[in-house]
Amino acid sequence: MTTTTSKISTISPFQQRSLDAVWHPCTQMKQHETFPLVPIVRGKGVWLYDADDNGYLDAIGSWWVNLFGHTHPVINAAIKDQLDKIEHVMLAGFTHEPVIALSERLKAITPGNLGHCFYASDGASATEIALKMSFHYWQLAGKSDKTHFVSLQNDYHGETLGALSVTDVAIFKKTYAPLLRPCTHVMTPDWRYANAGQSAESHALRAAAALEEHLAEHHAKTAALIIEPLIQGAMGMGMYHPVYLKRAREICDRYQVHLIADEIAVGFGRTGTMFACEQAEITPDFLCLAKGLSGGYLPLSVVLTTDTVYQGFYHDQSAHAFLHSHTHTGNALACRAALAVLDIFEQDNILETNQIKAKYLNDAATGLLSHPKVVNFRNCGMIWAFEVETKDLQFSHKFFQAGLKQRLLLRPLGNTVYFMPPYIITEEEIDLLVKGTLHILNTL
Ligand SMILES: *Cc1c(COP(=O)(O)O)cnc(C)c1O
């Protein structure tokens with residue numbers, strides 16, 4: 001029996017099979033009665049190709065994961081090589097070269113003394129691991145009252161129940177509120193919330209003062225502050241001044257509260273530095289990475305932590321061990337993909353060439369910046385965002401559809417349009433992206 005009735009005849013058998021059997025994420029499935037799925041059969045560079053060989057410029061890196069385009073020769077070759085050696089072995093009691101090499105390299109390139117790598121498969125799981133480790137550390141240290149977490153207003157940390165508890169995005173959270181743990185969300189440093197005439201920096205300092213006020217009173221019960229460094233992605237690419245991170249680190253130290261940096265979206269060069277925390281010269285107690293870690297190829301995430309935290313669990317008694325068992329922890333194929341990603345960063349001087357690309361895009365985008373419908377045009381590293389003045393509740397959906405007609409993959413968050421292109425985007429492709437976006441704005 002078919003559960004989906006197709007109201008338009010343009011749905012191909014391929015699309016219909018998907019509607020009949022696949023429950024797509026973040027989607028009201030009924031909308032696909034009128035908006036067909038895009039069937040992708042192959043990808044190359046920034047381009048995704050559908051069944052009729054139309055190319056779509058993947059301007060949002062396939063949900064923020066793709067760093068170096070699709071079917072990159074270096075990553076492809078690494079995975080193929082690994083495939084003939086060992087694809088996967090359980091990581092409890094076993095180890096292998098890709099997971100060792102990746103951990104060593106992450107230890108070398110991340111800030112400060114982060115050096116113990118705990119792996120999982122997705123971002124939300126990394127959040128869960130960091131929260132559990134922080135809580136467990138304090139339990140073992142005799143601070144059994146530290147059972148609460150603090151995050152920022154508008155933060156997003158994933159959608160499993162623990163991660164959703166520390167998330168503050170109503171659309172994802174509202175329905176499940178009865179299942180969640182209470183969490184305090186302190187004032188966001190996002191400069192869009194600054195008072196009139198207030199600078200981004202002074203707003204960030206005001207938000208830091210609010211954090212201090214909260215922790216001064218509640219630190220004895222607080223295990224950790226979890227934040228998205230520099231950019232609050234899911235709530236519309238809110239950007240903030242690095243001074244907030246500096247202050248947050250000082251405040252957490254002062255009150256013996258862990259700082260968890262969720263760099264799942266911003267890690268690996270998105271903000272211009274390899275990791276966002278570098279811009280404030282801080283080291284978190286836990287660093288969560290996923291998305292770009294494997295170049296967007298394979299599900300892989302990791303939590304890095306300090307020697308201090310690691311030693312807290314290091315004990316004769318097995319009850320002191322950190323028990324969190326992901327079946328695919330440290331998957332060899334995914335680790336090899338991640339190693340290839342780090343090779344590309346080094347060999348192709350990605351952070352430097354990104355600066356040139358970012359400048360090129362900013363120069364090309366002056367027409368967007370000055371467009372009468374555009375407000376808050378902003379850029380940080382390889383992320384651009386702006387709000388479009390509209391009252392249309394269907395804006396995001398209509399913009400996405402109009403984008404496909406321009407051969408662009410853009411998927412606004414509410415009325416926030418953003419670009420998060422693969423780093424291999426060329427100047428010609430940047431021109432196409434800007435021109436297409438302007439055309440949509442002028443015709444929507
Ligand atoms: C995407 C994201 C997550 C969740 O990652 P998943 O792999 O989707 O579970 C967590 N935190 C941030 C900041 C993210 O952008």
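Placed from the backbone N, Cα and C atoms, the Cβ positions cover glycine too.
A TrEMBL annotation is a machine prediction, not a hand-curated record.
Quick look at what TrEMBL annotates:
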BINDING   Trp63, Tyr156, Lys291, Ser325, Arg411  substrate binding site
BINDING   Gly123, Ala124, Asp262, His326, Thr327  pyridoxal 5'-phosphate binding site
MOD_RES   Lys291  N6-(pyridoxal phosphate)lysine
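Residue density at Ser325 (substrate binding site): 9 other Cβ atoms are found within 10 A of its Cβ, drawing on all protein chains shown.
In this structure the alpha carbons, written CA, of Arg411 (substrate binding site) and Gly123 (pyridoxal 5'-phosphate binding site) are 20 Å apart.
Proximity of the binding-site residues Trp63, Ser325, His326, Thr327, Arg411 to ligand 1, judged by a Cβ distance under 6 angstroms to any of its atoms, singles out none of them. The most crowded of the binding-site residues listed here (Lys291, His326, Arg411) is Lys291, judged by how many other CB atoms sit within 10 Å of its own CB. Largest Cα-Cα distance over the residues recorded as binding substrate, namely Trp63, Tyr156, Lys291, Ser325, Arg411, equals 34 Å.
The Cα atom of His326 (pyridoxal 5'-phosphate binding site) lies nearest to that of Lys291, taking the binding-site residues Trp63, Tyr156, Lys291 as the candidates.
Within 10 Å of the C-beta atom of Tyr156 (substrate binding site) sit 25 other C-beta atoms, taking all shown protein chains into account. When Cα-Cα distances from Trp63 (substrate binding site) are compared across the binding-site residues Gly123, Ala124, Asp262, Thr327, the shortest belongs to Gly123. The number of other CB atoms found within 10 A of the CB of Thr327 (pyridoxal 5'-phosphate binding site), across every protein chain shown, is 10. The CA atom of Tyr156 (substrate binding site) is located 9 Å away from the CA atom of Asp262 (pyridoxal 5'-phosphate binding site). For the binding-site residues shown (Trp63, Gly123, Ala124, Asp262), fewest C-beta neighbours within 10 angstroms: Trp63. Taking the C-alpha positions, the distance from Ser325 (substrate binding site) to Ala124 (pyridoxal 5'-phosphate binding site) comes to 14 Å.
Tyr156 (substrate binding site) falls outside any helix or strand according to DSSP and counts as coil.
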